[in-house]
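Only one structure is covered here, and it is reproduced in the block below.
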Amino acid sequence: PIEIKETFKYINTVVSCLVFVLGIIGNSTLLRIIYKNKCMRNGPNILIASLALGDLLHIVIDIPINVYKTKMNGIIWTFVAYRSLESSGENVKEQENGQTGMLLAKDWPFGVEMCKLVPFIQKASVGITVLSLCALSIDRYRAVASWSRIKGIGVPKWTAVEIVLIWVVSVVLAVPEAVGFDMITTDYKGSYLRICLLHPTQKTAFMQFYKTAKDWWLFSFYFCLPLAITALFYTLMTCEMLRKKSGMQIALNDHLKQRREVAKTVFCLVLVFALCWLPLHLSRILKLTLYDRNDPNRCELLSFLLVLDYIGINMASLNSCINPIALYLVSKRFKNCFKSCLCCWCQSFEEKQSLEEKQSCLKFKANDHGYDNFRSSNKYSSS
């Protein structure tokens, strides 16, 4: 077996803590901006809010468990023999089932429910991100293609339907993760470990097919699909802009500049998504295509894939916190809103603190004034 070194454990812990803090602050601020400002409640921004909510769900539930698995528990990548435990009352039966290759935690103390919930939330969150980016790319093409469509304030009905469909489809596509993941025991250095993984022996033909084709399915749907849709609709959008350039009205110039800025923002989000998820998908595809258990140099390849897999996991986690930062850097409107929102929070905290100080000063003065009155009354009574 190949073990993760302490250096990678500390790097993963630092990155995860950074993602947790920045992700909660950034995505919460983004949701507050869109909720508080009526002028920000339009179709694209509501889709961005849906994306931020999915990232928050992943950050709150999955990141703390990943930190525990890596730092407190340790991770190995190995081919091990696994046993399934069947309990009935006080009797526990062991069944030797075979071998599988996996990147796993040394022990899983969270129980079967969390073993199924964590991968389910992960895949649902990624699905929300992927489908939201696809919907944003299509929306930008529709906005540029219909020059006469003036953007209004409020959420269009079609956008609300899109968001509901995005969440429902993402949840449905994540159900096989909850069904397939299970806890099993394995031999590791003479002791039994409880590990959580996609069980190698699935009960139904569909789940067995899902287990076999999972990495290719994730690569095609959760990575290639948003890139292909973005490339297609941005190409159509560019052709539409070039075709109608001569007929554009001067009065709509400012309006078209805003649409171009939104299109640039969406493209930036898709680019960030691609950069963050490329190493992890590359690691899984290389493992499927290049790894051979009979190869005498397989340990060197496993070591390389292990490092690439670890880098990919950390970069994929970064995607949950980097969207608000990208919006701040690319969009002037979001940048101004972020500044005003964060300044309001700071000012409200300072005002609250100064108010408490003023109240304490007034109480002190009142007590001091009462003490002076008491002293003067004592003087008069003594005289």
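For all residues, glycine too, the Cβ spot is worked out from N, Cα and C.
Remember, TrEMBL labels are computer predictions, not curated facts.
Features of the protein shown, as given by TrEMBL:
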type     : residues : note
TRANSMEM : 13-34    : transmembrane segment
DOMAIN   : 26-327   : domain 'G-protein coupled receptors family 1 profile'
TRANSMEM : 46-65    : transmembrane segment
TRANSMEM : 158-175  : transmembrane segment
TRANSMEM : 216-242  : transmembrane segment
TRANSMEM : 262-282  : transmembrane segment
TRANSMEM : 302-330  : transmembrane segment
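Counted over residue pairs separated by six or more positions, the transmembrane segment (302-330) shares fewer than 3 Cβ pairs under 8 angstroms with the transmembrane segment (216-242), which leaves the two as not touching. Only residues 6 or more beyond the boundaries of the transmembrane segment (13-34), in the same chain, are considered here, and those with a CB under 8 A from a CB of the stretch are 40-41, 45-46, 48-49, 52-53, 55-56, 59-60, 63-64, 66-67, 70-71, 314, 317-318, 320-321, 323-325, 327, 334, 337-338, 341-342. Tertiary neighbourhood of the transmembrane segment (216-242): same-chain residues 126-127, 130, 133-134, 137-138, 140-141, 144-145, 173, 210, 263, 266-267, 270, 273-274, 277-278, 281, 284-285, 288, selected by CB-CB distance under 8 Å and a gap of 6+ residues from either end.
Within the same chain, residues 43, 46-47, 50, 54, 119-125, 127-128, 131-132, 135, 139, 221 sit at least 6 positions outside the transmembrane segment (158-175) and bring their C-beta atoms closer than 8 Å to a C-beta of that stretch.
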